[in-house]
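J.: Just lifted these from TrEMBL, have a look:
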{"type": "TRANSMEM", "residues": "26-45", "note": "transmembrane segment"}
{"type": "DOMAIN", "residues": "27-483", "note": "domain 'Major facilitator superfamily (MFS) profile'"}
{"type": "TRANSMEM", "residues": "65-83", "note": "transmembrane segment"}
{"type": "TRANSMEM", "residues": "95-114", "note": "transmembrane segment"}
{"type": "TRANSMEM", "residues": "120-141", "note": "transmembrane segment"}
{"type": "TRANSMEM", "residues": "153-176", "note": "transmembrane segment"}
{"type": "TRANSMEM", "residues": "182-203", "note": "transmembrane segment"}
{"type": "COMPBIAS", "residues": "249-258", "note": "compositional bias 'Polar residues'"}
{"type": "REGION", "residues": "249-284", "note": "region 'Disordered'"}
{"type": "COMPBIAS", "residues": "262-273", "note": "compositional bias 'Basic and acidic residues'"}
{"type": "TRANSMEM", "residues": "301-323", "note": "transmembrane segment"}
{"type": "TRANSMEM", "residues": "335-354", "note": "transmembrane segment"}
{"type": "TRANSMEM", "residues": "366-383", "note": "transmembrane segment"}
{"type": "TRANSMEM", "residues": "389-415", "note": "transmembrane segment"}
{"type": "TRANSMEM", "residues": "427-447", "note": "transmembrane segment"}
{"type": "TRANSMEM", "residues": "459-478", "note": "transmembrane segment"}
Amino acid sequence: SKMTVKAVKMPCTTPNVYTKVPDGGWGWTVAFAFFFVEALTYGIIKSFGVFFNDLMDSFDETNSRISWIISICVFVQTFTAPLSTVLSNRFGHRFVVMAGGVLVSTGMVTASFARTVADMYVTIGLVSGLGYCLSFLPTVTILSQYFDKRRSLVTAVASTGECFAVFSFAPAITALKEQIGWRYSLLSVGVLQLSIVVCGSLLRPIVIKEQAEEEVKAQPPEEPTETKYMLENEQTRTSIESIDSGVEITTSPRNVPGNTKAEPKSEEPKEHAQTLVGNNSPPTEPKTKLLDFSVMRDSSFICYAFFGLFATLGFFAPSLYIIPLSRSLGISKDHSAYILSAMAIAEVFGRISAGWVLNKKPIRKIYIELICVVLLSVALFAFPFASEFWGLMTCSIFFGFMLGTVAGTHIPLLAEDDVVGIAKMSSAAGVYVFIQSLAGLAGPPLAGVLVDKTQNYSSAFYSCAAGMVLGAVFLSLVRPCKAGLCHRQQLGAEEGAAEGTVEGTQDLPEDFIEMDIGKADHSGKGCDSAA
C-alpha cells in the first residue's frame with residue numbers, strides 16, 4: 001500500500017531525499033526564493049517609513065497612532081509564529097508560504113483603499129501581518145535544513161534581499177508617490193508582493209535518510225519471518241504456538257523457567273527475539289510533534305529568547321523614524337531617502353561579512369553575535385548626536401552594517417548546538433519569534449509616545465538602544481547556561497549508568513550462571529558424541 005501511495009504523488013510535491021545534508025543541490029533554489037521572500041516581506045516593512053508623513057497628513061493622526069500600523073503588523077507576524085510552525089509541519093512549507101503570499105498581497109491592496117487609520121490596523125496589521133509570518137518563517141527554516149557547513153554564509157547572503165529592497169524601494173516609491181500618489185503606490189506594492197506565491201512554489205521538502213540506511217545495513221540481508229520464528233523457537237525452547245497465543249518471547253533470563261536449560265546465545269539473537277511480537281502487528285511510526293515546547297525547559301534557549309525580545313526594540317523603529325528625524329533636521333525628502341538607502345546598502349555588507357566570519361571554523365558563533373549586538377547598541381546611541389546630513393549618513397551606515405550582522409544571523413543561530421541544535425530548529429524558531437512579538441508590538445508605539453512627549457525624534461533611538469543593551473546582557477548568558485546544562489546532563493547520565501549496572505546485577509537470578517554452565521556442558525557433550 002505504501003508503494004501505491006508513493007506512485008500517485010506528483011513529482012513537484014515529492015521531497016528531495018539525501019543521505020546527508022547536501023550543502024547545496026536544490027538548496028540553492030531555496031536560497032534564491034528566500035532572497036525574494038525577504039525582499040517582499042521585511043524589505044517592504046522597513047520601507048514603510050516613506051509613507052509615514054503621507055499617512056499622518058491624510059488621516060490627521062499623531063506619530064504614535066501611525067506607528068501602530070507597523071507595530072500590529074510585526075506583532076501579528078511574530079505572535080503567530082507557532083501557528084506557522086504547526087501548519088508547516090502539517091501541510092508542508094510550500095503550501096504555507098504560498099498561502100502567506102496571498103494574504104500579504106490581499107492586505108496591502110486593500111489598505112490602499114483605507115479611509116481611516118483603523119482600516120490600516122486591520123488590513124496591513126492583521127491580514128498582511130499574518131501573511132508575513134506564513135511567508136518568512138517556513139522559508140528560513142527549510143533553508144537551514146538544506147545547508148550545514150555553509151548555513152551561516154548562505155543564510156546571510158540570501159537575507160540581503162530585504163536590504164536591496166529597501167535600497168531600491170525607498171527612492172522608487174518616493175518617486176512613484178510624486179506621480180500617482182501614495183494610495184496607488186501602495187496598491188502597486190501589494191500587487192508586487194503576490195510574487196511570494198511563486199517563491200513558495202520552489203520550496204521542495206527535504207528528507208535525510210542517513211540513519212535509516214545505516215539501520216538497514218546493520219540488519220541481516222535476507223531472513224524470512226518463518227525462519228526467525230523457528231530460530232527463536234529453538235533458542236528459547238518454546239513452542240511456536242506460544243507466539244500465536246500472545247506470550248511474550250524473549251531470551252531474557254526472567255522468561256526462562258527454572259527447570260529449563262538455556263543455551264548460550266549472542267546479543268544479536270536477543271535483539272531479534274525482543275522484536276518478534278512486533279512483527280505480528282503493523283509497525284507504528286512515532287508521531288512527529290507539530291510544535292515541541294520542550295525547548296522552553298532549556299535555560300540557554302530562554303536566555304536567547306529574552307535576547308530576541310529586547311533586541312527587537314531596536315530592529316524596526318530606526319528604519320521607521322530615520323526619515324522623520326532627517327526631516328526634522330531640515331534635510332530634504334530626496335536626501336532623506338538616500339540616507340535610508342545607504343543604511344540598506346551597509347546592511348548588505350554587514351550580513352555578508354557576518355556570514356563569512358561565522359562560516360569560519362573553529363569559532364564560537366555566539367560570541368561573535370554578542371560583539372555585534374554591543375556595537376549595534378553603540379550605533380543606536382550615536383544617532384541623537386547627529387545634527388546634519390553627513391553626520392546622519394555616517395550613523396546610518398554604521399547602524400546598517402551592524403544591524404546586518406545581527407538581523408541576518410539571530411534566527412539561524414538557533415540551529416547551533418550552543419542554543420538548541422538543528423533537530424529542534426523548527427519548533428524553536430516558532431517559539432522564539434512568538435516571544436519577540438511582545439517587543440514588536442511595543443517597540444514602535446513606545447518610540448512614538450516618547451517622540452510625542454519630548455517633541456524630539458532622538459528619544460526614539462534612545463529607547464531602541466536601551467532595549468539592545470538588555471538584549472546583549474541576556475545573550476552573554478546563553479553559552480554559560482548551555483555549558484551548565486550539558487554538565488548536569490552528563491552527570492545525570494553517569495549516575496543513571498551506574499544505577500543501571502547495579503540494578504542489572506541485582507536482577508540476575510541465582511541460578512543464572514549455573515544454568516549457562518550446565519547448558520554449556522550439555523552442548524559440549526553433544527558435540528563430542530557427534531564427533
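Just so it is clear, glycine is given a Cβ too, placed from its N, Cα and C backbone atoms.
Those TrEMBL annotations? Automatic predictions, nothing curated.
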J.: Based on Cβ pairs under 8 Å, which of the stretches 95-114, 301-323, 389-415 lies most in contact with the transmembrane segment (427-447)?
T.: 301-323
J.: With pairs restricted to those 6 or more apart in sequence, evaluate whether the transmembrane segment (301-323) and the transmembrane segment (182-203) have 3+ C-beta pairs under 8 Å.
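T.: Since fewer than 3 Cβ pairs under 8 Å link them, the transmembrane segment (301-323) and the transmembrane segment (182-203) do not come into contact.
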J.: Taking all residues of the domain 'Major facilitator superfamily (MFS) profile' (27-483) together, what is their mean pLDDT?
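T.: In the predicted model, the domain 'Major facilitator superfamily (MFS) profile' (27-483) has a mean pLDDT of 78.
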